[in-house]
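One structure is given below, encoded as structure tokens.
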Amino acid sequence: MEDELRCPTCKQLYANPVLLPCFHALCLGCALDIQTPYSPGSALPGAVNGAGGASSVGHNGLHGNGGGAGGGAAAPGTNPNGPGTRHSSHSSAASTASSNTGSESVTSDQDQSDKVSIFSEADSGVVCCSNTSRPVSYAGTGLLPGVGNVVAPPGAAYCLTCPLCRKLVFFDDGGVRNLPTYRAMEAIVDRFCAREALRCQMCETDPKVASLICEQCEIRYCDACRELTHPARGPLAKHTLVKPRGAAQQRESVCGEHEETLSQYCLSCKAPACGLCIGELRHQAHDVQSINVTCKAQKTELSHNLQQLSEKARSTTEFIQRLKGMSDKVTESCMEFERLVHAQCEALIQAIHDRREYLLEAIRMDKDTKIRILKDQQSNCTGKLQQTTGLIQFCIEALKETDSAAFLQVGSMLINRVTNTDMTWHQEVTNAAPRVSPIVDLTLDDAALARAIDNLNFIQMRAPMTPTILPSDCSAENNSVTVAWQPPNHSFVEGYVLELDDGSGGEFREVYCGKETICTVDGLHFNSMYNARVKAFNSAGEGEYSELIGLQTAEVAWFTFDPVLSGGAGSGLIFSKNNATVSVEGWEHRVALGSVGFSRGVHYWEFTIDNYTADTDPAFGVARIDVARNKMLGKDEKSFAMYIDRQRSWFQHNSIHERRVEGGITTGSTIGVLLDLERHTLSFLVNEMPQGSVAFRDLYGVFYPAVSINRGVTLTMHTAMDAPKMDYF
């Protein structure tokens, strides 16, 4: 509560608080400090041409600035009290307020409230105060320079900008002393200060309520501290200990003009008054009520509002407790998740260590195999060398034989052995190579693992993977396609974006964005191949597009009448046979539209005349979506039609009918409509024969099948038909 008791300018507890017309309070000394003299043509404090930043108030464009404490201070020497009275602290405000009594002070609530201007209903941010018994008029004044269209009242001598709401208040020569004393705030501050003054000044922590105060020491003591620090012996025995004074005495408000008790409350002036004031002219014909009754009613209303506010405060307290509890749960959850992530990372590290041991073991096995092969090859070469060396030594000894007969006995054999050994040596030793390479010919494939480690993240913090389109759940019907897809695995998805091309292999465009995994797109072109793709996204980014899927729309259109597009229940049209048949009771023409629109391709449909008993002219053709529903088709610029009777027909557009063609209709006749949007033409057939040449050309845009009928005509529409071959263009 203490913040409510502090002045917005000096930040101290209110001293002699006064009440502004905007119901904000200021210390009287602060109000004297920040009011400034006003003269026509002078710059206003808080205006757009003043120092400091400007801020808008009200709706009339009045601006104020934030210069100085609490919204701009007056220059030295401009205070109406003269130099030396500037309010700078709580104590100085109190002394200033106490010295400014008598003729300068405002002495009654009645007199003060009468001097405060009433608010305008427009709440322009400007209010006026006067020391007369009537508010200063707003009328008949010029514009203030630099503050938009705000008007200064006549006789304005001072002005003040509220530091909180930035509203501008004008005063006459009395200045801020015209403001009423904020008695309720003054009493609350007194009670607050009294409660604080009853605390023991000797308690080191958590001061207790003081039971005595020493008049000589001017120190308050609780019972325990008095026994310890102020015993009743020695020099202290002569000190006088008295009970501390309580809160300020209840003061009764009296009328400053008549010195009578304020016993009534004028509901029109919204001001308290004494009995004599009520009898004066200014309160004649005003609603008056006992001040106690009014006070009780407002206290009851305030208590009720406080009860509601207390309930909200209690709910907010409970909500704060829940938030605190959630904070604890967040901490616990994060710690648990940290342990989980730590365990998962340790498991991954252990898996890498295990894999490292496996790879090292593979290298060691490869080493052992190569060494064994090399040792075997070395052993074989050593045996061959020893065998050859023995043969060489034997041959040398044989060459030493002096007995020719003896030598010739083995000479041929030795020559053959040496020759064969030389030949096999060349094959087995000279041209032989190591059976294995001394280089380890293994390559560790760690690129995928390195990428996986780089991509190791929480799935919520990385872009999602690619969705998978489900061809078995995709379909095309009439001029709509349905695309279904499967969410990506191990991904956090906030939504999907579905894109289609233009049906001719052109650029893709977004047709759906949302959380669903199936989407039907209507209103496409007939006989077109549409390619579809989808991607997922979240707050971290967008994933890759899925593979394309092609969906072929129907070659010919199947449709019916659309009761909603035809005007709804109030149109007077009667639909039957699943909206394929239409009739009407009234004599006024009513337009019925088909359920699909065409913008390209060649389309043909027929009408069968089920009933034709009146002399009327049904009209057949096409129309745009905003065609007039209560006129014959072709009467406005939105429709193109052929209207026909029993003998002849005319083509009609924008109320211009032309090219009469002989040949009419009866019950059982058929009317064919051929819309060729490749050539942008419209033609008609009656009983499968062309009704004249091309009726209309240069048709661009979207067109709906349409017919207009009135009473006596019933017809049925037939669709999904192949277009007839026409021999004219």
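The backbone N, Cα and C atoms fix where each Cβ goes, and this holds for glycine too.
Sequence annotations record features per position, and here TrEMBL assigns compositional bias 'Gly residues' to 59-74. According to TrEMBL, the region 'Disordered' annotation covers 59-114. What TrEMBL records for 75-105 is compositional bias 'Low complexity'. Feature annotation from TrEMBL assigns domain 'B box-type' to 195-244, 250-291. Feature annotation from TrEMBL assigns domain 'COS' to 399-459. Sequence annotations record features per position, and here TrEMBL assigns domain 'Fibronectin type-III' to 463-556. Under the heading domain 'B30.2/SPRY', TrEMBL lists 538-725.
In the domain 'Fibronectin type-III' (463-556), helix, strand and coil residues by DSSP number 3 helix, 44 strand, 47 coil. In the domain 'B box-type' (250-291), helix, strand and coil residues by DSSP number 8 helix, 11 strand, 23 coil.
Here the domain 'COS' (399-459) is broken down by DSSP into helix, strand and coil counts: 37 helix, 0 strand, 24 coil. Averaged across the domain 'Fibronectin type-III' (463-556), pLDDT in this predicted model comes to 92.
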